[in-house]
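What follows is a set of notes on a single structure, which appears directly below.
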């Protein structure tokens, strides 16, 4: 593993946003900036400094087995991972690299898969765990399928860690990350999520309120920051698999396995919602697999680093956008479908060529197979992509190895994961 390609986070780095816990879903739009990274230029400067200054790096390869995947090399080769679970929080990369989840709190063991009462959840249930005000690292006592009656509304500073067991959130409502900060979701199967709502749901020990109908996303990120979604398997939900909207930022989506879905990932609320210009999202080391159609992702306004992903299936297109997002595609592998009318990786919406030719979309070091092609636009200069750069890309020839274990892992205690 090349040390110059390891993202550095300095212990003395300037805090990028203020952290708040337990913000109720009834808060007004004017509070959304509380969780935003307010200065994307500052983030870009820190990332650039991190990549160039390898002498002061954080050593993600502490237990390295040199897979080439810096996240996995950080923790997976440690046979004692089960007793050192919280080390995972030191392994994030990209724009969501400062997400610590429940690292500084106690462990909470989920022992009950039921979700009988979304207003008064029982201790031992996942819902009871995620609504608490304190930081928590949430683990599971055994294999379980959790069918949620209503959205699982998370409070700040939580980690959901499915390693060591087989946990499915399926066949009901799924996960909502709204007006909160510092969330890690790792090692969960999320599928067959359905619209729910028009019901009372608790969001903290001191608050519950009326929830209108939810779309049926696998993971919905709304007005939140410092989010890391890693090593999950997602498929077949009613709306998106992962949606991030309403000035959400400082997000990393990594090592996930996406299958059997139409509109995979939406990043940005609407063309008219300009607050999404603060959005910075890293999409790294994911496998976009069989049965996918479009939106991998579909972007608006912000800055998006798409790096070292494996795109083996799409039916319409892979990466789309509108409202002048900056898209930095580096070191990905794009395998086009057989359909000769669907070879293009990219798609621009709601703009003529005279408009989108100014949008900064670049491809650098990508591998194109079976006739795949990426339509570039805007500036080709590196400086134009500073705010859409979050880590050093590896060679696209390594993508198959880097993404080989994408999705929820089969980890067992006492063994390398």
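Using N, Cα and C of the backbone, Cβ positions are placed for all residues, glycine too.
As given in Swiss-Prot:
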- 295: active site (ACT_SITE)
- 215, 239, 243: Ca(2+) binding site (BINDING)
- 29: N-linked glycosylation site (CARBOHYD)
- 53: N-linked glycosylation site (CARBOHYD)
- 1-25: signal peptide (SIGNAL)
Quick one: among the binding-site residues 239, 243, which has the most Cβ atoms sitting within 10 Å of its own Cβ? 243
Would you identify the secondary structure of residue 239 (Ca(2+) binding site) according to DSSP, in three states? coil
Within the same chain, and leaving aside 215, 239, 243, name every residue whose CB is within 8 angstroms of the centroid of the CB atoms belonging to the recorded Ca(2+) site, in sequence order. 214, 216, 217, 220, 237, 238, 240, 263, 266
